[in-house]
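Taking it in order: structure first as structure tokens, then the write-up.
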């Protein structure tokens, strides 16, 4: 079992990572939260059908009352309605400030459950129990949110969990599409911070359905460490945390215009990464073998072109509405080299030209 | 002009208090928030009709784009729907992380506008511009929230403003009912912390429609100082901040059962104060002239009995659902003496008996 400490200005908390780590959860709760009386597990339909029984049985060992609330899968969990329903369920079942929320699922469940925890009676503790590879990204950093029709994650908070229990055996049940979504963030973390990690990935990972527990342990650990080192410096996203947005400027726009849920987050981000790499070559003279990269990711099943049905002007409009866009000119995270990101404002004309090279 | 610094673990900010302080607002924004591009004023129908024009004209001096969004009056502003509408308006008008919200109004406007600011793109800065006496309480402490049909302020956050500009001349337009609502919190602050302040109030204030600017300045300053000293110690309401709940345990239940908006917050809290004073005499041997107190507040127009239409068992049920109630036994803030609060668990039977003495 690995234990990584995440330090932010507002809080420090551990990420426990490995196989069978979930079995430590009841002891952790008993030891640190003896005054908690009710525990609400929020999970989604699919994850609940596979893992809820196990987790609930484990948590019931604490002797505390354990409740469950099941939300829809994926981004459908991140609506205002579902957020409100969670709050109503919690109130109807007598949760109070001595209650705790467990988020059992992927990034979407973590986002909505975390935002419920952040706002229920102005904030109660929550623990993340990620079940996806993508969640290695979302479970660290304290960003919780729901979506608005005008954009993803538009309403939310910075709210850190008490702990993350990352049970690797949960990943065995992941469909390949979900692994692909999460692995894009692993690639991103390597690209923005660690050339050796990138080299390890490109040489080790040839088949997303054959990743071993050891490989998962290493890549998730490195991904979390990289993210944590950045979040540590910049909890509220005012500075270097922007580097984590590599691939996300275009990625979010692609994801948003295709409709959340129709294209996974990671698949969209990967297209954004290819775009940002090409832009980096033109604008900051990145020396990088983009051909080798695109061949590798294509072999893993990623698309590396902008979907034909997307209107280019709409993509640019969407990027301008991104909450990280603060002026009328769009800022991209580019790479001077692998491991060395930089923020660059790009004029609309250049953005368009680069898009047209990627259809 | 008075300037009181509020220090919390997460933030320090100034409260500017006096007549014409509002005129300093544009300079404050220009000096400290030069990078802000858009400013959204959230106000309610009534306040906007009186003060919005003045404030907007002032803020426009910054040269920044100024937008306005008008919410319904009072607790009607604190619904999920209004919260969502504010978010939608902000997104539709291109607000982003370089935008700021001004909350122009009483406690309800401050609560909803503050919660919008706390959650819009995970948090943007906001400034409180209180227009009521009650807001001397709500504008300090960073508690922002909306209501749920199951209870008041059930969904919210701890989120501190950048500053509070407390323009005393705004109070001149307050109806007596509103002064009465706010003055109850002034009385509460005196009772829990400062016998001399209490003596000053009972000797100085005989007519709520004839309070002078000097009297307002003194009572608001003392009220804010008392609240600030408690919040400073306990930002997240885990300890001594509970003392601020004096009168509120029963008060919230009365307010909730009568329907928010049908009885002002302060009127309900005052009944809760009388109740807590009587309970204090029986349970912790408070030595206090409750008769003198009730005669005084009655002369100011307060009711000191529990409204007849309220069912007593429902009052107890409602108190048990309060977010500050963490076990099945209700905890009250009582007074050992004026200025010396204490938390005491009271069994249902005793609560009922005391209620029956107050009908």
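Here the Cβ of each residue, glycine as well, is placed from N, Cα and C on the backbone.
Unlike curated records, TrEMBL annotations are generated automatically.
Owing to the predicted nature of the structure, the values given are computational and were not obtained by experimental measurement.
Matching A:172, A:265 to the Zn(2+) binding residues that TrEMBL gives (A:185, A:248) identifies A:265. Considering other CB atoms within 10 Å as the measure, the emptiest surroundings among the binding-site residues A:73, A:185 are those of A:73. The domain '3-dehydroquinate synthase N-terminal' (A:69-180): residue composition by secondary structure is 46 helix, 35 strand, 31 coil, according to DSSP. It is 10 Å from the Cα atom of residue A:107 (NAD(+) binding site) to that of residue A:265 (Zn(2+) binding site). For the domain '3-dehydroquinate synthase C-terminal' (A:182-325), the DSSP-based tally of helix, strand and coil residues reads 99 helix, 0 strand, 45 coil.
For residue A:110 (NAD(+) binding site), the number of other Cβ atoms no farther than 10 Å from its own Cβ, over all displayed protein chains, is 28. Among the binding-site residues listed (A:73, A:76, A:110, A:132, A:170), A:132 has its Cα nearest to the Cα of residue A:185 (Zn(2+) binding site).
Residue A:248 (Zn(2+) binding site) and residue A:76 (NAD(+) binding site) are 20 Å apart (CA-CA, integer value). For the pair residue A:265 (Zn(2+) binding site) and residue A:170 (NAD(+) binding site), the Cα-Cα distance reads 20 Å.
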